[in-house]
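Since the structure comes first, as structure tokens, the remarks are kept for the end.
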């Protein structure tokens, strides 16, 4: 089975934008991300800081590898692996009932410090959605000719996917507030 190059490029561009925006947010708020890594309780305390630095570095390197056709496959596999590890870490904590912390994903929406932070299965789903985007980008592409209109389609499609992910981030960031309003 092959996938149209437009869909593959939209998936790759959207996943790259999400990863790069997350990496930038993690670099800018390294202390907050370090607290988030510690909250997962999956990394020994002595390795929390090195791990908190390594994650955005790996995200940035994976996105950089996507830029060159020679390293695109390696970058896509690295990015997909990172998203899968994020999904696994989230799922482990949700499954064991440890949900009262900020995941540190940083997404497009940085919630305020006074807002309650909670992770849930929706966060796991978001991470798995990103894995699926990268998997689409890794699928074998059809060999049809690329025409000028395809570039507009990739731009528009990427804009739509990223906009949908922004909306999802807003919903996830405001979910505790919405639950509080619903229960009051």
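Heads up, the Cβ atoms here are built off N, Cα and C, so glycines get one too.
Any TrEMBL annotation is an automated prediction that lacks curation.
What TrEMBL records for 7-137 is domain 'Methylamine utilisation protein MauE'. Annotation comment: TrEMBL describes 6-25, 46-67, 73-92, 124-142, 148-172 as transmembrane segment.
Taking H, G and I as helix, E and B as strand and the rest as coil, DSSP gives the domain 'Methylamine utilisation protein MauE' (7-137) the counts 97 helix, 0 strand, 34 coil. Taking pairs at least six residues apart, the transmembrane segment (124-142) and the transmembrane segment (6-25) share three or more Cβ pairs below 8 Å and count as touching. Over the domain 'Methylamine utilisation protein MauE' (7-137) the predicted model carries a mean pLDDT of 89.
Within the chain carrying the transmembrane segment (6-25), a Cβ under 8 angstroms from the stretch's Cβ atoms is held by residues 55-57, 59-60, 62-63, 66, 72, 76, 79, 82-83, 105-108, 110, 130, 133-134, 136-137, 139, 141, 150, 153-154, 157-158, 161-162, 165, all 6 or more beyond its ends.
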